[in-house]
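Working notes, structure below.
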């Protein structure tokens, strides 16, 4: 039987080279991500200390912007409402990714006819612009749109449902469409994790009499933890900072009756106006809201990322 004649030093050198290669491959992406994400975040710090409507001189107010957001009922109530609804928005999206995305990725991992075509079909919406997706959403779920027409025709409902016009359904509808738009990304990450599972482990579980579902539950799903954590971190950062769908369809007021108001729309309204109750604009206070949002999500994102790194 051939034996491994490599010395411990050569093995260590191989590991060192592997770490160097990994570092070299990751560094450009990390640098670009830092330049376009963390530098703007740092630029918010001096802006959050001034009162500035966008033009004219800046008035230094210190921590007054933070104090107003956290203590004045007008801003505090809006922020708490936006934060609560942002959490709902995130939970619906991440739940869709982890349940539907995992199910679709498992189906795509099987050697079935037309698998490549289905992969393209599921990933197709992902490169679409947010404006195009917002237009499709408004068109699709409109009371006179195709979705309501099919439900009325099948007798599932008596009258069309105003999905975007009801306080009870607007936010969830937005979240589900966001999940549809980005589902290809989640499927891609989960599928790569499934395909990385060693085939000998699956064969061993089947030889032990495990069914396909038992093999998936006991062998495949535990390996997908890093992919689930990565998806959670990326979605968390994205949905607490962006509000393009809601702004394009509902406007800064995030109707109906601010039932779709999240942190992104609250920040936009504070910076650029567009609110029915006030026309004031304050980029400094908007910067303070942005920093508070970052302070809420960054610790959770960093904790998940570090935990994921330790487990891998």
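Residue positions begin at 1 at the first shown residue.
Cβ atoms here come from the backbone N, Cα and C positions, even for glycine.
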What range among 153-174, 219-240 does TrEMBL describe as transmembrane segment?
219-240
Select from 179-198, 199-218 the stretch of residues annotated by TrEMBL as transmembrane segment.
179-198
If TrEMBL is the reference, give me the range from 120-141, 252-273 marked as transmembrane segment.
120-141
